[in-house]
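Student: My structure is below; once you've seen it, I'll send some questions.
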Amino acid sequence: MNTDIENLFKDTVLGHPVGLFILFFTEMWERFSFYGMRILLILFLTAPMMSDNPGWDWPREHALSLIGTYASLLYLTPIVGGWIADKITGYRIAVIIGCLVMTLGHAAMAMETTLTFYLGLALLVIGTGFFKPNITSIISEMYKTRESKKDGAYTIFYMGVNAGAFFGMMLCGYLAENYGWHWGFGLAGVFMLLGMLQFILAHKIFGKIGGKPVKKGEVVLSDNVDSTNPEAVEEELKAEIKHNPFTKFDYLLIILSSVGGLLYLFNDPLETIYSKSLLPFEIAGMSGTNIVVLAALAMFLVLLITRIARYLPIVRDRLIAVTIFALFTVFFFAFFEQSLGSMTLFASDYTDRNLSGNSATIFKIVDALLTTIPLIIITYVITLIFKKTFTKIGASNIILAIAFIGVWGLVIFRLYDKFSQTEMTVDATWFGILNSFFIITLAPLFSKWWESKYNPSAAMKYGIGLVLLGLGFGILSYGSADIPPGAQTASVSMIFLILAYLLHTMGELCLSPLGLSYLSKLVPARMIGFMFGVWYLAIAVGQKAANTMGGMIDKISEQYSLGTFFLIFTLIPIGVGLISFFLNPLLKKLMHGVR
């Protein structure tokens, strides 16, 4: 294995092995397809049947109920996919399986029939479970002997994530809104297929890295002990010596709470959309759905509390801190993921997207620069890769070239179309690219902040992130203040939505990249898998909550106003952020020196 790692580092691009950039582009095409399809879901499901681009004409509540279940499952299946890769397939085979299944999912969705649509969503959920946890595991394995370079590697990889999301939402959204939904869904599938082929044909680069799993001993995290605190070191070592296995009762709670949670996830859209229920009973006036989800939550809390209580004091304190951060994460994603639902609806139905004259010209120029500059930079990286690897993995490079020629062709076609219009309408999906753009431009600034002497504590970062998130919704609330109750359309200035995305992205940079980092520092080795599962569960709960709350947009807008709807989304995150500020001293104490 070490020989394969050393061989990887013989051919480098920008100081990193070529293998990293193979993974970069594989992830980029997967994110291209994922975000390209994701941005279309709410618009396709709610588009009127009698229109130039007919959709399914679902009520918003129905669409968001289905999307919430889909988004939640995307964060649950990686727990299973990671386990399968660890025990059976190895990381590379799991990534290939994920790519293939997702390609079939996108192809099914492009057919636009009811059966193939649901089949496509199911395949995407399964494929993501295999792909998502394992491609990052390959990076971790690649840099085992180069720990000092690992942060830089993940930064480059993260740029691939955002580049894929940026171009996926822009190009899939453009084709879907202007030429038909099947073009957008189909394009997502084409690039997923190209990403898979490029990865398969580059397998020789990796040697045995990411191959079949081998039995490994326990690995203690190197960064989870404060070496300056002798008491912490002693407690941590005792915690590792004291084995804390899962009991039969633990496994029973895991099974029952998992079954209950999954029943709720599947039953909610079934009940909302089709008025059918997997849980057709009531107890004391409470529906079966509510009973099951509350019981599942209660059992999971019992499991979490009893597991944490078995650890020694310092480890127990740190696990309590992780649990509190996980709760803040639920709140954050419950509001941040409105971008998938209510904010996309706001862009489509309540935002003035029509431009003419000088404003249209300025937008076209800015849009062209936003599109072409990143593409030129990535194309330059591709030429460096070709020079280093064409003799070794020429077929993979040819697939990569075909993919980028396709992207360039679509970008030029789109820009020509936009520049040929004297009056134009900005695509509703265009606003989705702002998050990726702001991440790419602002991430270096936030990184410098975290490295400076003004680096805030974990609780302060969470609080700042939540407050910024709330302020973003405050801008939308102010912008929509004049929209009367019950209005289905309006013409609010685009600037409000742009500023909201800016603040939301700043909030994301304060919170989202830090969660797993703190998790790895605070959690003992023997519980790391369980707590990673808890973390993904927190995000999954946030995803479902986001779309459940977003589904109330019509009820609240009709009874009060759209401004009131966004005001609610302003006050709650700010309130939770203030609680995080208030808990800062306690959380510092619970973390026992970990920063």
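Cβ coordinates come from backbone N, Cα and C, glycine included.
Curation does not apply to TrEMBL; its annotations are automatic.
So TrEMBL lists these for the protein:
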{"type": "DOMAIN", "residues": "22-588", "note": "domain 'Major facilitator superfamily (MFS) profile'"}
{"type": "TRANSMEM", "residues": "32-51", "note": "transmembrane segment"}
{"type": "TRANSMEM", "residues": "156-176", "note": "transmembrane segment"}
{"type": "TRANSMEM", "residues": "182-202", "note": "transmembrane segment"}
{"type": "TRANSMEM", "residues": "249-266", "note": "transmembrane segment"}
{"type": "TRANSMEM", "residues": "286-306", "note": "transmembrane segment"}
{"type": "TRANSMEM", "residues": "318-336", "note": "transmembrane segment"}
{"type": "TRANSMEM", "residues": "362-386", "note": "transmembrane segment"}
{"type": "TRANSMEM", "residues": "398-416", "note": "transmembrane segment"}
{"type": "TRANSMEM", "residues": "428-447", "note": "transmembrane segment"}
{"type": "TRANSMEM", "residues": "490-511", "note": "transmembrane segment"}
{"type": "TRANSMEM", "residues": "523-542", "note": "transmembrane segment"}
{"type": "TRANSMEM", "residues": "562-587", "note": "transmembrane segment"}
Student: Quick test of the contact rule: Cβ under 8 Å, at least six residues beyond the ends. What residues does that give for the transmembrane segment (398-416)?
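Tutor: Here the qualifying positions are 25, 29, 167, 170-171, 174-175, 187, 190-191, 194-195, 197-198, 201, 364, 367-368, 371-372, 375, 378-379, 382, 385-386.
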Student: Does the transmembrane segment (156-176) come close to the transmembrane segment (362-386), meaning at least 3 CB pairs under 8 Å for residues 6 or more apart?
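Tutor: Counting Cβ pairs under 8 Å, at least 3, so yes.
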Student: Considering pairs 6 or more residues apart, do the transmembrane segment (428-447) and the transmembrane segment (490-511) have at least three CB pairs under 8 Å?
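Tutor: Touching, yes - the transmembrane segment (428-447) and the transmembrane segment (490-511) meet the threshold of 3 or more Cβ pairs under 8 Å.
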Student: Can you work out the mean pLDDT of the predicted model over the domain 'Major facilitator superfamily (MFS) profile' (22-588)?
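Tutor: Value for the domain 'Major facilitator superfamily (MFS) profile' (22-588), mean pLDDT as a whole number: 89.
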